[in-house]
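Going by TrEMBL, these are the annotated features:
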type	residues	note
DOMAIN	416-651	domain 'G-protein coupled receptors family 3 profile'
SIGNAL	1-20	signal peptide
TRANSMEM	416-437	transmembrane segment
TRANSMEM	449-468	transmembrane segment
TRANSMEM	480-498	transmembrane segment
TRANSMEM	519-542	transmembrane segment
TRANSMEM	562-587	transmembrane segment
TRANSMEM	599-619	transmembrane segment
TRANSMEM	631-651	transmembrane segment
Amino acid sequence: MNKYILYLFILLFYIGSIRCMKIGLIYFDDGFNEEYISNFVEEYNKYAEENNLEITLEKDNYVYTTSEQYSETLYFLLKSRSVKYDLIFIDIIDSDLFSEYLEDLEKYLSPSLIDEYKNGVLKDIKTNESKLVSLPLYIEYSMLFSNKDLLKKHKKEIPTTWNNLLDTANYIVTEERKNGTEIIGYSVDMTDSEDGFTSFYEYIYSYRNNIKDPYPELTGPEAKEAMIKLKELKDTLGTQGIRSSNQDIIKNLNSYDSLFIKGRNNMKHGDNFALSILPGKNEGISGSCIAGYSIGINKYISDEKKEHSAQILNYILSSEFQRKINMDRGYQSGLKEFYDDSDQCQQYSQCQSLKMSQLLMKPINATNNYRIYSSKFRNYLSKYLYRDSDLEDCLFNIRQLTKVYYQENSSTLNKIILFMITVSYIFMIVSYCLAFTKKHRYKFRLLNKFYWFIYILGLALMMAYGHTAIGVLNDVKCKIRPLLISVGFTLSNTLLLIRMLINFPESNRRFVRFCEKHFGFSVIIAISIDIILNILLLFNSYEVYTITDGDLLYNTCEMKSFKGHMFLGFIYLYKIFIILSLYIVTFLEWNLKEFKEDIHYMAGVLFITSIIYIIYGTISLIKIKGLVEEFIIPTVILYIYGFSNFLIYFFSRFFLEKEKDDDEKINIKNYRYNPGSKMELTKNIVVVIV
């Protein structure tokens, strides 16, 4: 009997374990948050059990690695569509990095809860996210920990400027050494780590002249003064304290032989330490980087797991949970009520300290890869601080990391290209004017003055691409570029296509006769199709994106929208249709003696057009990268297309010799299009009105 009862218990346990959904959480153990994570996992599981939610939250961590290594490993897992973990714990600086692999939380969380976070502590922080993929579990920031016992012993105050800190630390360290005691004057992580970047970045921020000033220019006097003072502090107080690791700081915060320590506000510390905002260049000036961790949902897990993960987030991000796990234990919540509500804020020291701090966000949008930028930034400053590299060179190199380059008018190469385009424009205008003199106008009888002007204008628009590539690139230029190329192509080629269509001998096709009777209207229809497609493209068009090419940054036009690619495809197909139609018409009219020269010219134009179209389309598909390449290649290609077509189809007519029967050609269909007018023809003589 007992055996059957045991089997029953095992069966019930098995059924219960199946019914209970396990949600896996992956997080980074940075040496400070293990207790926090354990508490919130335990608290949630307790809540789930009490409310019969049949959901269990399980944690897994990465230890003994840097935050960079954790992010790299996590990025690899998510990029490979791993479903090993459901809830993802990330540094708030990595929201953009993981946005492609995390679920949009607005689909799962209540709108009121999301608004509470959007209007909370991080409301002024901008990211590149197009969707909400994570919300902050908690916020932390830097503060100064001062050893009250040592300050009281030597009758010194907590410093408010870096000069005060240096003088106070130097005095107390010297006095303690006289008594045979070695202490650390200032312990801070200024190593080649992400915490080291934080220390460097907020330290330079504290050297602005006024509290409302923006971040100091890195090649300006404030940054230079800051680094000179930092080196003085290092040389005076010793390298050991300046290069403290996280483990060193934890140890120092619980000892009596450190005077000043820079750490995070929620770090556990001995009772002999008092917290205050970090010093600055002047009284009342400070700087503290916002840090912390966010949580999101793995995009690749099942819908059922997403729903259960969302249930967990709705609770752990709620006011009740945030008060119990965050605010009551010294962590700052990102919720609006624990920051904007003065009554609530007064109850918690971390909230009061946060409001006193002069906060700034790390420059996560400075480049399209913040981690690389951070690494190079701290590496350059470390070279000055520890290897005596030239300060101005180091700061200049850092400035170059975020300098966005563009094609300048002053460039010799750009001057040559623009000069060539401008001279070509002048040449085209002069040629157009000469074409309709008495000596040459019979050579241009295929079209009248107005339509020849439209033809040349189309070619000029395509050649104008080079002008849009000079100077700082913006969204307007990105939208104008495809418009110039598309409309320019249609203006020049559709005009010739319609004109050649009505050359069919004795053709009674309705479409051909319509084009003959309504030439101008036919051109307008062709242009209208192109303009409509381009208007649709404008609403889903190219936008400016920053490209990193080694240490070089430059902007380029990229299209991310599926609709944009679709409309662009229609435009390309429309151009292909025009080119194929020109091939067919040229082939059918090849033996027409009356249009021998025009057809031969068209063959040359089609040859150039086909080659250029294939080259340009290939370049657009393979996306050639490089600041110079992205300017030179399309500019030169479109210039060659426009000017060569002008020379072949227009300018070469100047060299035609007048034949005896030029004034009495049979069956040549010329026209003068005016609304409501008709083409005038005699039986054997064309009445040409120019």
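From the backbone N, Cα and C atoms, a Cβ is placed for every residue, glycine too.
Summed and averaged per residue, pLDDT over the domain 'G-protein coupled receptors family 3 profile' (416-651) gives 83. When Cβ distances are compared across the two stretches, the transmembrane segment (449-468) makes contact with the transmembrane segment (631-651), since 3 or more pairs at least 6 residues apart fall below 8 angstroms. Annotation: stretch 480-498 has the most Cβ pairs under 8 Å to the transmembrane segment (562-587), among 416-437, 480-498, 599-619, 631-651.
Highlighted: of the candidate stretches 416-437, 480-498, 599-619, 599-619 has the greatest count of Cβ pairs under 8 Å to the transmembrane segment (631-651).
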